[in-house]
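Participant: From TrEMBL, here are the annotated features:
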- A:12-29: transmembrane segment (TRANSMEM)
- A:41-63: transmembrane segment (TRANSMEM)
- A:83-105: transmembrane segment (TRANSMEM)
- A:117-139: transmembrane segment (TRANSMEM)
- A:151-172: transmembrane segment (TRANSMEM)
- A:192-211: transmembrane segment (TRANSMEM)
- A:223-243: transmembrane segment (TRANSMEM)
- A:274-297: transmembrane segment (TRANSMEM)
- A:309-326: transmembrane segment (TRANSMEM)
- A:338-358: transmembrane segment (TRANSMEM)
Amino acid sequence: MEQPQGRTGGKIGIKEFVAIVVIMIGTKITDDTTALLFKPLLNAAWMVPVINGILAIIPVALLMKVSTHYENKDLIDVSYHLFGKYIAFFVLFILWFIGFCFIVVDTAIYTDIIGTMYYLRTPSIVIYGLLMFVCAYGARKGLENIGSVAWTVYPYLQASLFVTLLITFSQGSTNFLFPLFGPGALEVIKESSFTISIYMDILYVFILFPYVNRTKDFKKGTWIAFALIAINMALALISYIMLFDYHSVAMQSYPYHEALRTINFAFLTNLESFIFPFWLIGSFVKFTAYLYINLLLFAKLVKIEQFKYLIPTFATLIVFLGLIAENPAVTMHQLKQTIAYITSPMFFALPILFWIVAKWKGEFKK
Amino acid sequence: MLQKLFRGKKEKRAYNGSKLDGDMSKDNSEKIDSELTKTVNIFKTIYSYPDNQDVTIRNIHINGLNKDGALLFISTITDTKVIDEYVIEPLLKNQDSEVKIDDLVSVPSISKTTAIADICTEVNNGSAVLFVDEETQAYILNASNFESRGIEKPENETVVKGPKEAFIEKASTNISLIRKRIKNENLVVETQTVSKRSNNVAYIVYIKNVTNDDIVDKVKSRLHTMDVDAVQNLSLLEQYIEESHVSIFPTVLNTERPDRAVSFLEDGYVVLLMDNSPDSLVVPATFWSFYHTSEDHYLRLPYGNFTRVLRLFALFVTLFTSALYVAVVTFHVEMIPPDLLLAIASTRELVPFPALFEVLLMEIAFELIREAGLRVPSPIGPTIGIVGALILGQAAVEANIVSPIVVIVVALGGLSSFAIGDISMNFAIRLSRFIFVIAAGVFGMYGMVALFTLGVFYLVSIRTFGVPYLAPMTPTYKSSKDTIFRKMLQNEIFRPGYMKPKDMKKK
C-alpha cells in the first residue's frame, strides 16, 4: 500500500484519528439521518444516540478486542485470517459495497442539501462535481494529510456547531421535550435498536487500525470519538425538538439547515450563511475520509497496490450514480432507510461473529 | 571591469588549450615553474596582462636573500595598503640572509601552494601571490578587500523594540554578526562552491551539537547538485534549492535580520549566507516562520500575542474580504441585515458591471498602484499616491465605474495585506486572494469553501526538506508550540521536534 511521506510513514496520531472519526460520523446529525429517528420516536428521538451508543459498545468492544489482538493487521487481514479466503472476501465485499452505497447516497443527499438550501438555480451536476473533485483531491493526498486537515478544521467545526446549538437552545422551548419517553420507554428501546446502523461507520474505522501510531491511541481514540459523536448527536437532536417540536421536525428532511434558517443572533437575522462554510468544510472532509477508506478496502480486496489512480475514476462514478435519483430528498432517503434496516443487525452481528470465531479458534490464547 | 577580466581569462584559456576549465579547483595537475620568468609569463597569459587594467604584477628584489620575486594581485579587490606596508616593505628592507619568507611578511594569513588553479582561485578572491625565483611554491597572502557598504538598519523587517542591525552584502561581515550573537565553538560555518564559472560560495551555518545531521546533509546535497555557471546571490540560490518551483507557497525563509537568523540557528535550523546578499536563507521554513516576526518575541507576552492576533486577522481579511463581498452580493444577499443590504444596493444601482468584474477591476488597480509605487523613481513617488487615491478612488466612484463600498472593501484588503511582512508569503496571500475572488464569483460561498479546503489539503501536504509545512500544529510534534500564539518565554522549553535536533531541551 502506498505510504505518504512524512514523520511516521503515513501514520496518524490520536488527535488526527479522533478528528477524522468525529467528522466522518458526527456530521450525520446535519443531514437527513435525523428524519429516520424522528418518525418512529417523536420527541424521544434524542435518546437514540445515547441508547444506541450504549448498545453499540458491545459490538465495538468485541471488534476492538479481536482487531487489536493482531498488531499491524487491519480489519481486512484479520478477516482473512479468521474466516479463510472465500468467506472473508464475501463478507468484506458486502461491507465494501454497503460503504460504497453509503457514499453515493450521502453525497447525493449533501448535494441536495446544498442545492435546495443555498443554490436553487445551480445544476446538481455542477455542485456534485465540485464536491467530489475536492474529495478526490483530498483523498489523493493520503491518510496522513486527511488526518492533518481534519485536526486543523475540527476545533472550528465543533465551535460552529456549539454556537448553533447554544443559540437554538436559547430560542427553543424545553416544554417540547416532554413527555420524556415520547411513545413509551419500551418503544424507544425497541426502535432505537433498529437504527443502530447510525454507528455502522465505526466498522470502517477499524480498517484504519494499522495506520494509527499506537494500539493504545487507536483504542482510546475510538472511544473518545464515540463519546463525542453520541454527545453531539443527542444535543443536536434535543435542540431540533426544542426549536420545532416533534411534529414539524419529523416532516423536515434537513432539520439542521432549517434550524440555521430559523435562528437569529443580535442584528444578524440570517445565520445560515455564516455557519454554512463550516458545515461545508466538514462535509468535504467527511467524504474525503469516506472515499479514502472505501478505496483502501477496495484496493485491498482486489489487491491493487497503487489505488491513488483509482480515486478520480471512483469519484466520477459516484457523481453519475448519485445523479440518477431525480429527487434525492425522497428517493435517496428511502434507500438510506432500507440500507439502515438491513445493516443494523449486520453491524451488531458481524463483530460478535468475529469474536466468536476468534475465540473458537483459540486466537486469544496465543 | 570584472566582466572583462573573466572574459579575458576564458579566451586565453581556450587559446592556451590548457586544462583550466570552468571549475578550476578540480584540476590541480599544472604546477608553477621554479624559474620565475616562466611562472610570471604563465600568469600574464592567464590574466591577459597588461590588457587587464587592475591586474598588477610587481617585480621585487628580496634583499638579504638576494632573490628575485614577483607579486601578483588584482588591485581593485586587494588591500594595497596592507601589501605595501606588510609585504613589499619588509621584503625590500630585509638584511638577514637566513630568514624564511614566511617570517618576513607580516600579513595575518599566509599559505603555500604549487597548483596554478589554486593560485588563480586565491587571486580571484582578492589574495596576493608571491612567486620567488628558484622556488616551486607560491606564497598566498590574504589581503582581500572587496568593496561593500557599512551595516545599516533593516529596510524590510523593521521593529520598534529590538536590535536594529541588518545583514549587508559581505558574507564575512554577516558571519561576524552571527558570531557576535552565538559565542560558541559549536557554531560551524562551512563553505561550498555553488557555481562553476563565477565560483560563488555559499556559507552553510549551523550549530554542530544542535542541528540534525540529516538536514545539513540534505542542504549540502541540494547545493551540490546545482549545475550552473553563476549564482549571484541568495534570492537566486533560493530558487535552485526550494522544494517546488511553481507552488505559490514559499518553502525557504529569507531574512535580513541577524537576530532572527540566530534564533533559527538556536532552534536547529540551517542558515545560508552568500556574498552579495543583504540577507540570509533559513531552511527549512514552515508556514509559521512566515507568519511570525522577530518582534513577537521582543514584545512582552500580551503585546506580542496581540500583534499575532492582528496579523492573523489581517491575513484572513486579505484573503477573504473581496471574495466575501463578491459571494454575498452575487449569491447570498440574505446574509446581510436588510438596512445594509439596501445601502449596498443603492450604491450599486448605477454601476453597470457585475460585482466580480467590479472587484477584480479595483483589485488590479490596487496591485498596479503598489507595483508602480515600488518601481517609481523616488523624486516622482508622491505623484503616484495622488494619482492612485484621487483618480482611482474618487473619480472611479463618481464615474459610476465602481461603487464606493467596493473601494472600501478593496482598500481594507489591500491595507491588511501589508501586515504580512514576509514578501514571499505576502505574494502567496495576494495571489490566493485573486483565486478566491474568482471562486466566489463563480460558486459563491461554496466555491470559496471548496477552494479553502483544497488549499488546506495542499498546505498540509507540503514538505520542505522533509518537514511538514504546518508542523508542529499538525502533524503534532513536541515543541514550544509557537504557532498562532506564542507562549511565555519561561515555557518555551523545547526546540521544534520536527527539526529532530540533537538536543531537544532549550532550558
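Using N, Cα and C of the backbone, Cβ positions are placed for all residues, glycine too.
Tell me about the setting of these features in this model.
Facilitator: Sequence-distant contacts of the transmembrane segment (A:12-29), counting only residues of its own chain at least 6 positions beyond either end whose CB sits under 8 Å from a CB of the stretch, comprise 143-144, 146-148, 150-151, 153-154, 157-158, 198-199, 201-202, 205, 208, 211-213, 217-218, 220-222, 224-226, 228-229, 232-233, 236-237, 256, 279, 282-283, 285-286, 289-290.
Counting same-chain residues at least six beyond the ends of the transmembrane segment (A:83-105), those with a Cβ under 8 angstroms from any Cβ of the stretch are 76, 200-201, 203-204, 287, 290-291, 293-294, 297-298, 300-301, 318, 321-322, 332, 335-336, 339, 343, 346, 350, 357.
Counting residues 6+ beyond its ends, the transmembrane segment (A:117-139) has Cβ neighbours under 8 Å at 107-108, 110-111, 145-146, 149, 254, 257, 261, 272-273, 276, 283-285, 287-288, 290-292, 295, 311-312, 314-316, 318-319, 322-323 in the same chain.
Long-range contacts of the transmembrane segment (A:274-297) within its own chain (CB-CB distance under 8 A, at least 6 residues past either end) are made by residues 1, 20, 23-24, 27, 30, 76, 92, 95-96, 99-100, 102-103, 106-107, 110, 114, 118, 131-132, 134-136, 138-139, 142-143, 146, 149-150, 153, 156-157, 160-161, 163-164, 204-205, 207-208, 256, 260, 268, 307, 310-311, 314-315, 318.
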Participant: Would you say the transmembrane segment (A:338-358) and the transmembrane segment (A:151-172) are in contact under the rule of three or more C-beta pairs closer than 8 Å, pairs 6 or more apart in sequence?
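Facilitator: By the criterion, they do not touch.
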Participant: The transmembrane segment (A:41-63): which same-chain residues, six or more beyond its ends, come within Cβ distance under 8 Å?
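Facilitator: Result: 34, 176-183, 187-189, 191-193, 195-196, 198-199, 202-203, 206, 222, 226-227, 229-230, 233-234, 237-238, 241, 245-246, 250, 347-348, 350-352, 354-355.
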Participant: Given a Cβ distance threshold of under 8 angstroms, which distant residues of the chain, six or more beyond its ends, lie next to the transmembrane segment (A:192-211)?
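Facilitator: The answer is 10-12, 17, 20-21, 24-25, 28, 33, 36-37, 40-41, 47-49, 51-53, 55-56, 60, 63, 67-68, 72-76, 95, 98-99, 102, 143, 218, 222, 225-226, 229, 233, 290, 293-294, 296-297, 339-341, 343-344, 346-348, 350-351.
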